[in-house]
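Worksheet for the structure shown next.
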Amino acid sequence: MKRMAVVLAAGQGKRMKSKLYKVLHPVCGKPMVGHVLDTVKATGCERSIVVVGHGAEAVQAYLGNSAEYVLQDRQLGTGHAVKQAAERIAAEEGTTIVAYGDTPLITPETLVALMALHEREGASATILTAVMEDPSGLGRIIRGESGELLGIVEQKDATPEEAAIQEINTGIYCFDNKKLFAALDQVTNENAQQEYYLTDVIGILRNQGDRVLAYQTTDAAESIGVNDRVALSEAEAVMRQRIVKRHMLGGVSIIDPESTYIGADVVIGSDTVLYPGTLLKGRTVIGEDCIIGPSAEIEDSVIADGAQIKHSVLNQAEVGARTTVGPFAYLRPGSVLGEDVKIGDFVEIKKATIGDGSKVSHLSYIGDASVGKNVNVGCGAITVNYDGFNKALTEIEDEAFIGSNVNLIAPVKVGKGAYVVAGSTITRSVSENDLAIARQRQENKPGYADKIRSRAKAKKEQSRQSHPS
């Protein structure tokens, strides 16, 4: 049986009080509508229709070709929103899930169970329900003595007995596709808001004698709809707990889960240890047997097996196996480190490759550079890559030695095995196995220190007499 999904993402989200379109607000680094679309796709839906309205271009730019789009140019209710998908799928045979783009916590497991019940029982509609401690403002599920669904009552229409019911309508449904769109043609806007409600479809189907079921999720958090920043933070907290638990069950040690942030799309290998203060964001991939943290922030980077990252920031970087980074290092976009590399304290790497076994141990800047294998870069050495208008390349070949406080003025090349003496400012290329020295020759003046001190003391005394306190 064909499976389809309609994701409602046309609401403006005024309560978010944001310039960012509501469904694009991130939860654990991924926009809410991205979570929902990934979830419905994981259920086996062959087609996903996203109903867009406010911010349509931004939503389409984010989701790209992963969905089909229909426009709800006027927000006339949830039934009206779903009806916009008629032009795409109304004639299709099969099952359609309707979900909201601001419910990021819904899981594939729950939707699969919902669809399985719906299809097994031959229902025309199946409602996803949840039991809430505080169901205020939500539609209540009315069941008969044997547990069968009798209807949905909105709070404003509920009797005191009905208002006491804690089982609510999550707003997520499973429909027989053709019956859904046939019923939508019968929905009217004869209500106080003059809107077309999707919930009216349930009543229409029941009045026709069609079978309507309800499936109750065991996790009420799945029903959280994000309409303001408070709900956004609640969804974030639940998602963070889920992600951390998933990684720990997958063999990752997380010393302090509450102080560890892991984005939704992060991949971590087994036997890796995350220390407190670790933030893993974007599409970061971390291998096995790594030590990450404490206080490491890594975004859109790839870390190979056995690497160690401590007290450092990495953005769009690649780190080879058994390489150590930090403390207090900064790897900027385009940084590619080989295997067994050492990047030490207060080192910044930008758009540079560092070959296997090389060391940049202290207080250095390596930018727009190609560094070979087994190179040693001394404390305070830097590549001078910018002339105020253009960036230039520095090349350091295998087994070269760059002494402390060396300035390499790009474009420049240091050949294989060459030795650059500490304190040098190198403006011309150094050939293979050559020694380069570019600094003033030291001159010692016997006894001159006493003269300097005498002059300084006299100047200070003169100043004191001229400006007495």
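Yeah, the Cβs are placed from backbone N, Cα and C, and that goes for glycine too.
Please treat TrEMBL annotations as automatic predictions, because they have not gone through curation.
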**Prompt:** Which one of SER364, SER370, SER404, SER454 goes with ASN385, TYR386, ALA422, ARG439 at the acetyl-CoA site, as TrEMBL has it?
**Reply:** SER404
**Prompt:** Once near-sequence residues are set aside, which residues in the chain of ASN385 (acetyl-CoA binding site), 6 or more away, have Cβ atoms under 8 Å from its Cβ?
**Reply:** GLY367, ASP368, ALA369, LYS391, ALA392, LEU393, THR394, ALA410
**Fill in**
Per DSSP, the region 'Linker' (230-250) contains 20 helix, 0 strand, 1 coil
**Prompt:** For the compositional bias 'Basic and acidic residues' (440-469), what does DSSP give as the number of helix, strand and coil residues?
**Reply:** 19 helix, 0 strand, 11 coil
**Prompt:** Which of ASP102, ASN227, TYR386, ALA422 has the fewest nearby Cβ atoms, counting only those within 10 Å, among these binding-site residues?
**Reply:** TYR386
**Asked** What is the total of other Cβ atoms whose distance to the Cβ of SER404 (acetyl-CoA binding site) is within 10 Å?
**Response** 16
